[in-house]
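**Q** Straight from TrEMBL, here's the annotation block:
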COMPBIAS  1-10  compositional bias 'Acidic residues'
REGION    1-37  region 'Disordered'
COMPBIAS  21-32  compositional bias 'Pro residues'
REGION    83-134  region 'Disordered'
COMPBIAS  97-108  compositional bias 'Basic and acidic residues'
COMPBIAS  117-127  compositional bias 'Acidic residues'
DOMAIN    137-254  domain 'Phosducin'
REGION    237-297  region 'Disordered'
COMPBIAS  246-255  compositional bias 'Acidic residues'
COMPBIAS  285-297  compositional bias 'Acidic residues'
Amino acid sequence: MVNPNEDTEFNDALRAHGILPPKPPSRSPSPDIPHITHTDAVRAIAATADTDQLVTLLENENLDSDDERMFEDYRRKRMMEMKKQEKKGRFGSLEPLAREDFVKEVTEGSKISPDGTQEEEEDDEDERGGKQRGGLKGTGVVVFLYKDSVPLSQHLRPLLQQLAAAHPSTKFLSIPAGLCIPNYPDKNVPTLLIYRNGEISGNVIAGMGLKGMKTTVRDLEGLLLYYKALEKPSPALLRQQRGNDSDIDDDDDLDDHVGAVNSRSTNIRSGGVGVGTGRGKVDSGDEDGDDDSDFDL
């Protein structure tokens, strides 16, 4: 009996005369799948792990010598990066500010690069459009105008202290609102003034864009990232949030965390408090146009 599935000359002859049906088309070869070695997998894990995770991996007693060597190399690399970042950070705490030092510490201080050198003046092309060499220029400076009797001032102070420790390359300063700006209305307190490279990049009046007494350190960090006071989120704060609140999605858009922020920063003079001939104004958010919402800056 003829087996039509056999690949023989006789079957080929039968197919040629139409006695057997033609052979089904052969299946195309599968595309080559790149081979991932064990070393490639270990390197991928090490490259994406932070210092704490690498330490945990090194504690595994079942590691072979090659894997242990690779994890240790990456751990040392992370430690060197952290030390480099620590050298870059020149601040690290919320410091008091005297009114007479505003121009020196804030306006002029924000022009200093992270390595402590003065930023060069931008040429016309830079001012018009747009070139920024090496990312953000100058130093981010956050000025906290507060009044102890205002509850939100008391709530934001420890959050700013946390941010100052987590972002040592940004300068955080505090000054009583009435001392900084005479007759500054209580309804505008607390206020955050954000400077970078000699210019004011944002102002937050009476906690606009935040969540009042429910504001978290990550909410405040998001707002300061929006205004370029900070360069990037703090990994330490992110790990802390993941440990304390698993309900927050780290991939949420920044606007979801920040809310509606007061971006009318161009209404504030950058020359300092009470310096110069111009009159700067901050909009308190009221629509009645009261005179007490304006102040000299």
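The backbone N, Cα and C atoms fix where each Cβ goes, glycine too.
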**Q** Could you count the residues of the domain 'Phosducin' (137-254) that DSSP puts in helix, in strand and in coil?
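**A** Counting residues per DSSP class in the domain 'Phosducin' (137-254), I get 47 helix, 26 strand, 45 coil.
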**Q** According to DSSP, how is the compositional bias 'Basic and acidic residues' (97-108) divided among helix, strand and coil residues?
**A** 10 helix, 0 strand, 2 coil
